[in-house]
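Shown next, in structure tokens, is the structure this report addresses.
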Amino acid sequence: MNTNKRNTIQRSLVLDAVRSMHNHPTSAEVYECVREHHPSISRATVYRNLAVLSESGEIKRVKVPGGADHYDYREDPHFHGVCRECGAVCDIEIPGGVSAFEGLSSRSFQVEECSVVFTGLCEACAAKHADAANPSAVAGNSAKQG
């Protein structure tokens, strides 16, 4: 049986959901998005189609250490960052991009794919930490605004 031809409508719904969500959604978030418009779709169908789509290269699965996998609609090679505080996943652009890794293959090992996930603070959480570290600046700004 050719699994690439099965569930094409459901697969299309899942792919459209991932592409419409620009936040690197988890499988649970994709399921909720698809279910809003198609309440009869099952969680297993969404999860199975996410697996098929990531295996076929139509979407990327971003493996988050210690957390749920996220999905990315971008097909171009790029890096990801995971916020250690809120768990958000974002794209990280690096000058030179993945070309920095060209030439890593050797006789003993042929590189086929590279996945780099940075850990740190997203913009929103970094701002919260900055505000917490400098409460007088926050209080001063509040007084000026009032």
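Glycine is treated like the rest: Cβ placed from N, Cα and C.
Since we're looking at a predicted model, the values are computed, not measured.
For C83, C86, C122, C125, the entry in TrEMBL reads Zn(2+) binding site. Secondary structure at C125 (Zn(2+) binding site), as computed by DSSP, is helix.
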Cβ neighbours of C83 (Zn(2+) binding site) where a neighbour is any other Cβ within 10 Å: 17
